[in-house]
Amino acid sequence: MAMMVDPPNGMGNQGKHYYTMWQTLFEIDTKYVPIKPIGRGAYGIVCSSINRATNEKVAIKKINNVFDNRVDALRTLRELKLLRHLRHENVIALKDIMMPVHRRSFKDVYLVYELMDTDLHQIIKSSQPLSNDHCQYFLFQLLRGLKYLHSAGILHRDLKPGNLLVNANCDLKICDFGLARTNNTKGQFMTEYVVTRWYRAPELLLCCDNYGTSIDVWSVGCIFAELLGRKPIFPGTECLNQLKLIVNVLGTMSEADIEFIDNPKARKYIKTLPYTPGIPLTSMYPQAHPLAIDLLQKMLVFDPSKRISVTEALEHPYMSPLYDPSANPPAQVPIDLDIDENLGVDMIREMMWQEMLHYHPEVVAGVNM
């Protein structure tokens, strides 16, 4: 549980109070009352909390020493810029970013999100039965949120069960946008720093420079397969093993299937893999609805140009009980996420401060400069 403590050195900052959770100090705005820690990751700790002003339950994520690693600081900045613009019921809402006391020297960032109960990874590994209706509804919401992102020109690039938050009503929301990019920035980023390996599309594993929205569709296919089978479909141990597992299931690729590979070494590697007829998805998921298998087959296609799009997936017969085209408006404007990858820490800190101001119009310039 959260325990209230005295401020460090007995010197508290106005408008803040202090709690410890899991040996971590939280310095948070007095309107938030923490309840208990609910998650821990490489970034820091998440706790549930109540906003006293609105009586709403929220999740507070503390990112410790955010500027110690410049790449991680850029990820955080990118997520803040993106979430300020996104408004969709299947995308997590960022409700607040707490203003630090010192503009030029703050080290930690506190993000306030809507509170969800669990994530899809926890549900999949639990003993809770998942019916066809559950799988269908989770997939529908994931596709719906993704269609909104793609309509804004955003690739998520890190979809996996742990980044899909779920509540007790089975509502699903996509989170963790630190690796998201706009669709018009081709070949500019390290491919290796994209998508957890098990959910990574073949074109990323093969180091192809030109990738697009279809990388997210592949990840959705892997997540859907995991929902159906309660275990990862391609749990590769490293990059080449990952490709091998994919080919083992999909079967040996024809010349036409590998035409898109612009890396000669990668193309050669695929050709050296021993012949395999593949494994029918119907035998891997014998309990699955036939239409679910049909849609899964269309998502897990090796050649990205032949892979189903998000809109086509929503229009697939498996989704027809849930999909209403008129209820899926696109994002209002494409979002510009262009951030100079070479920014220094001081500039990243200043840009984060500017993002925070959007949530705090009451903060007057000139205070705590």
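Heads up, the Cβ atoms here are built off N, Cα and C, so glycines get one too.
It should be emphasised that the depicted structure is a prediction, and the values quoted were computed from it without experimental measurement.
Swiss-Prot annotates Ile38, Gly39, Arg40, Gly41, Ala42, Tyr43, Gly44, Ile45, Val46 as ATP-binding residues; of Lys16, Lys57, Lys61, the candidate listed for that same site is Lys61. For Ile38 (ATP binding site), the number of other Cβ atoms no farther than 10 Å from its own Cβ, over all displayed protein chains, is 18. Rounded to a whole value, the Cα-Cα separation of Val46 (ATP binding site) and Asp158 (active site, proton acceptor) is 20 Å. Across the structure, Arg40 (ATP binding site) and Asp158 (active site, proton acceptor) are spaced 18 Å apart at their Cα atoms. Checked against Asp158 (active site, proton acceptor), the binding-site residues Ile38, Ala42, Gly44 differ in C-alpha distance, with Ala42 being the nearest. Around the Cβ of Asp158 (active site, proton acceptor), 23 further Cβ atoms fall within 10 Å across all displayed protein chains.
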